[in-house]
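Q: The following block contains the structure, expressed as structure tokens.
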Amino acid sequence: MVKIIGLDPGISKTGWAIISLNEKNNIEFLGGGTISTDGKLGTGERLHIIFEQLKKVISLYSPNEAAVEKIFVNKNPKSSLTLGYARGVVILALKITKLTMNEYDANYVKKSITGNGHADKDQIIFMVKQIVKNLSIKCHHVADALAVAICHAYTKGSCFVE
């Protein structure tokens, strides 16, 4: 059985989701959540929290593969830089736990899940609920992480929409 962790890095909230693929390539949602940090803490402390919590998630679920959403540069360079720090910590945690990282542009993830590279958060949540049966999810950070994991499964050819 293949287990994939999908990650949506962020300094305030890093979304994560774990899926498994069985022999028939059916997707099962095993778990998901957010790693939240307090904005009152220093950047270093926030990054340390993300790193330690992500290592715990990886240890608990033992995924075989990892998929991470690439960052985009927005109008605020400080926000982009801070997001880059969070992403760097996520990459480090994956490297330390010996997980191979696969990266996907946000537009590619959206297109593979919804058919629209510019889909909004509600469309992502709607589609992941269509793909993964009996899913109750409201947090867009978890939905984004789940979309990244599903995108990886589709891209690898491990899974196909029926």
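Here the Cβ of each residue, glycine as well, is placed from N, Cα and C on the backbone.
Taken from Swiss-Prot, the feature active site covers D8, E69, H141, and the record attributes it to sequence analysis. Under the heading Mg(2+) 1 binding site, Swiss-Prot lists D8, H141, citing sequence analysis as support. Under the heading Mg(2+) 2 binding site, Swiss-Prot lists E69.
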Q: Return the residues near D8 (active site) by Cβ distance under 8 Å, restricted to its own chain and a separation of at least 6 in sequence.
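A: Within the chain, D8 (active site) has Cβ neighbours under 8 Å at T14, G15, W16, E69, H141, D144, A145, V148.
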Q: If you count Cβ atoms within 10 Å of the Cβ of H141 (active site), leaving out that atom itself, what do you get?
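A: The Cβ of H141 (active site) has 23 Cβ neighbours within 10 Å.
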